[in-house]
Amino acid sequence: MVASLVVLISGSGSNLQAIIDATLNGVLKGEAAVTHVLSNRKNAYGLERAAKAGIPTSLHTLLPYKKEYGPEIGRKKYDAELAEKIIKLQPSLVVCAGWMHILSPEVLIPLETNKIGIINLHPALPGAFNGIHAIERAFEAAQQGKITHTGAMVHWVIAAVDEGKPIIVQEVPILSTDSIEALEEKIHAAEHVILVQAIHQIITDNK
């Protein structure tokens, strides 16, 4: 049986493209398919990537909920409806590939109840730079002589941000000659590889 993937994005979708390519011509061919792409930003280029690949897309933006219900209640309703949308799609796995919203218990508990796993890609090593601006913070730490390596990981999503159990971890050296742009490029290259590997590993483990 081919595993169905729902991919959550917020931006350019380069990691989404890596998954699509792997399902068409790589290690995921014949074992997984991206069946839906959901974005929280209408201008996310990843929506175009999905459309070009013939993958259905949808938009789920937070602002209308905040306007109607206020920030706190609006966010809870937004998250609850996000969970409903995902559950209706009945995916084998949900993949956060550059999704820039923290997933609250309002999302995670319904998914867990429906036995839908969710994984996230984070551009840092486990426990090193949780949260936002991880690459920038790692670069700054290297400039101060505190670290010589950073990395990327794919992990199971839990309520604590970027603290779920790692599935695959890849170290990335930080050279003294690296610019922030060079480091970003190295980390993104590692991300594209390990995200596909993690999906393959999960599917294999569940067979």
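The backbone N, Cα and C atoms fix where each Cβ goes, and this holds for glycine too.
What Swiss-Prot annotates here:
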{"type": "ACT_SITE", "residues": "HIS122", "note": "active site, proton donor"}
{"type": "BINDING", "residues": "GLY13, SER14, ASN15, GLU191", "note": "N(1)-(5-phospho-beta-D-ribosyl)glycinamide binding site"}
{"type": "BINDING", "residues": "MET100, HIS101, ILE102, LEU103, ASN120, ASP162", "note": "(6R)-10-formyltetrahydrofolate binding site"}
{"type": "SITE", "residues": "ASP162", "note": "site 'Raises pKa of active site His'"}
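Taking the mean position of the Cβ atoms of MET100, HIS101, ILE102, LEU103, ASN120, ASP162 as the (6R)-10-formyltetrahydrofolate site, the remaining same-chain residues with a Cβ inside 8 Å of that point are CYS96, TRP99, VAL157, VAL161. Same-chain residues that are not part of GLY13, SER14, ASN15, GLU191 yet have a Cβ within 8 Å of the Cβ center of the N(1)-(5-phospho-beta-D-ribosyl)glycinamide site turn out to be SER12, LEU16, GLN17, ALA18, GLY46, ALA97, GLY98, LEU121, HIS188, HIS192, LEU195. Cβ packing within 10 Å was compared across the binding-site residues ILE102, LEU103, and the lowest neighbour count falls to ILE102. Within 10 Å of the C-beta of GLY13 (N(1)-(5-phospho-beta-D-ribosyl)glycinamide binding site) there are 23 other C-beta atoms, taking all protein chains into account.
Residues listed for (6R)-10-formyltetrahydrofolate, MET100, HIS101, ILE102, LEU103, ASN120, ASP162, cover a largest CA to CA span of 12 Å. It is 18 Å from the Cα atom of HIS101 ((6R)-10-formyltetrahydrofolate binding site) to that of SER14 (N(1)-(5-phospho-beta-D-ribosyl)glycinamide binding site). By the criterion of other Cβ atoms within 10 Å of the residue's own Cβ, the least surrounded of the binding-site residues SER14, ASN15, ASN120 is SER14. The two recorded residues, ILE102 ((6R)-10-formyltetrahydrofolate binding site) and GLY13 (N(1)-(5-phospho-beta-D-ribosyl)glycinamide binding site), have Cα atoms 18 Å apart. Here the candidates are the recorded positions MET100, LEU103, ASN120, HIS122, ASP162, and by Cα distance the one nearest GLU191 (N(1)-(5-phospho-beta-D-ribosyl)glycinamide binding site) turns out to be HIS122. Shown are the recorded positions HIS101, HIS122; the one with the most C-beta atoms within 10 angstroms of its own C-beta is HIS122.
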